[in-house]
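What Swiss-Prot lists as disulfide bond is Cys3-Cys47, Cys14-Cys34, Cys20-Cys41, Cys24-Cys43.
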Amino acid sequence: RECQSQSHRYKGACVHDTNCASVCQTEGFSGGKCVGFRGRCFCTKAC
């Protein structure tokens, strides 16, 4: 199962999944992706 949590450190609109994922990795997650119309960065990890 994969859990998602909105990034606390990511600033601005999320356009590229790779940028979001690298910020999420500094927060202790395995990756991340942009979600939704407004482009929020959500971090993912196995749970």
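Numbering starts at 1 and runs along the chain as it is shown here.
In case you wondered, yes, glycine gets a Cβ from its N, Cα and C as well.
Positions of the features from Swiss-Prot, shown on the structure.
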| residue | record | DSSP (3 states) |
| --- | --- | --- |
| Cys3 | disulfide bond | strand |
| Cys14 | disulfide bond | coil |
| Cys20 | disulfide bond | helix |
| Cys34 | disulfide bond | strand |
| Cys41 | disulfide bond | strand |
| Cys47 | disulfide bond | coil |
Look at each of the disulfide-bonded residues, Cys14, Cys24, Cys43, and point out the one with the fewest other Cβ atoms around it within 10 Å.
Cys14
Compare the C-alpha of Cys47 (disulfide bond) with the C-alpha of each of the disulfide-bonded residues Cys14, Cys20, Cys24, Cys34, Cys41, and give the closest one.
Cys24
Listing them in sequence order, which of the disulfide-bonded residues Cys3, Cys14, Cys34 have their Cα within 10 Å of that of Cys24 (disulfide bond)?
none
Using C-alpha atoms only, work out the spacing between Cys3 (disulfide bond) and Cys20 (disulfide bond) and round it to an integer in Å.
15
Which whole-number value in Å describes the distance between the Cα atoms of Cys20 (disulfide bond) and Cys34 (disulfide bond)?
7
